[in-house]
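**Student:** Not my notes, these are from TrEMBL:
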SIGNAL    1-27  signal peptide
DISULFID  Cys37-Cys52  disulfide bond
DOMAIN    66-214  domain 'Cupin type-1'
BINDING   Asn101, Asn111, His116, Glu121  oxalate binding site
BINDING   His114, His116, Glu121, His160  Mn(2+) binding site
Amino acid sequence: MASSSSSPYQLLFSLTVLLLLPLSSLSADPDPLQDFCVANLNATISVNGFPCKPISEVTSEDFFFSGLMNEGNTSNAFGSAVTLGNVLEFPGLNTLGISMNRVDFAPGGINPPHSHPRATESGVVIEGNLLVGFVTTNNVYYYKILSAGQMFVIPRGLVHFQKNVGEGKAHTFTAFNSHFPGAVIFSTTLFASTPSIPNEVLTQTFQVEEEVIKSIKSKFGA
């Protein structure tokens, strides 16, 4: 039999706790507990992130970043270049739950299928025409060709890509709700890992002969 102390106040408290518990899962990074925490990238220890730089060493320059101004070098097999604006490049982002990239594309270039395990991505096309697509966990493919000024969103962790389908160059800016979203690029992850994934695993996975796997690995220097 319940005691009188577990009356409406206890019930209200319990319901409030249950309602608030899921809120912590809505943001990719933990909420900051101070105005800022400029990352000390030289620290010898870190706990799920980077420790703070001493306030006495923080300057205005810690809060500004010019790394996304310049076009990336797209002279590579993919015809694209990703310029990172995460916490490693811009330590002022540490603990703030946000970062940005710039992606440049040569004509026909592709930002190959990949995923971000720690963040949702949104982006806006600045120049050119991009085919943007992602695949859900139910193998449903969503896609659209976007032009300058149009925006897209990729839910956290889903496989996605962007491909330049216009006649000229293209570029986009992308934003993430994490200061360090991470990227799993499937072609290099599967065919250029260290140590290498055994060929028999890949032949069985893709249902092809071993010579096909060897040929693909050779293109990635494995």
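Glycine residues also receive a Cβ, built from the backbone N, Cα and C atoms like all the rest.
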**Student:** Report the residues of the chain - excluding Asn101, Asn111, His116, Glu121 - with C-beta within 8 Å of the mean position of the site's C-beta atoms, for the recorded oxalate site, in sequence order.
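**Tutor:** Result: Val82, Val103, His114, Gly123, Ile154, His160, Thr174, Phe176, Pro181, Ala183.
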**Student:** Which of the listed disulfide-bonded residues (Cys37, Cys52) has the least company, meaning the fewest other Cβ atoms within 10 Å of its Cβ?
**Tutor:** Cys52
**Student:** Using C-alpha atoms, which one of the binding-site residues Asn101, Asn111, His114, His116, His160 comes nearest to Cys37 (disulfide bond)?
**Tutor:** Asn101
**Student:** Given the recorded positions Cys52, Asn101, Asn111, His116, which lie close to His160 (Mn(2+) binding site), meaning Cα to Cα within 10 A?
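**Tutor:** Passing the 10 Å Cα cut: Asn111, His116.
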**Student:** To the nearest whole angstrom, what is the C-alpha distance linking Cys52 (disulfide bond) and Asn111 (oxalate binding site)?
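**Tutor:** Approximately 33 Å lies between the Cα of Cys52 (disulfide bond) and that of Asn111 (oxalate binding site).
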**Student:** Measure between the Cα atoms of every pair in Asn101, Asn111, His116, Glu121, the residues the record assigns to oxalate, and report the largest value in Å, rounded to a whole number.
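**Tutor:** Largest Cα to Cα distance for the oxalate-binding set is 14 Å.
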**Student:** Around the Cβ of Asn101 (oxalate binding site), how many other Cβ atoms lie within 10 Å? Please give the count over every shown protein chain.
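**Tutor:** Summing over all protein chains shown, Asn101 (oxalate binding site) has 24 other Cβ atoms within 10 Å.
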**Student:** Other than His114, His116, Glu121, His160, which residues of the same chain sit close to Mn(2+)? List them in sequence order, counting a residue when its Cβ is within 8 Å of the Cβ centroid of the site.
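**Tutor:** Counting only non-site residues, the set is Ser115, Phe134, Ile154, Leu158, Val159, Pro181, Ala183.
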**Student:** Counting across all protein chains shown, how many other Cβ atoms sit within 10 Å of the Cβ of Asn111 (oxalate binding site)?
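**Tutor:** The answer is 25 other Cβ atoms.
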**Student:** Across all the protein chains here, work out how many other Cβ atoms are within 10 Å of the Cβ of His114 (Mn(2+) binding site).
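**Tutor:** Looking across every protein chain shown, the total is 19.
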**Student:** Counting other Cβ atoms within 10 Å, pick out the least crowded of the binding-site residues His116, His160.
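**Tutor:** Comparing Cβ neighbours within 10 Å for the binding-site residues His116, His160, His160 has the fewest.
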**Student:** Quick one: pull the CA-CA distance for Glu121 (oxalate binding site) versus His114 (Mn(2+) binding site), whole Å only.
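**Tutor:** With the alpha carbons as reference points, the distance is 12 Å.
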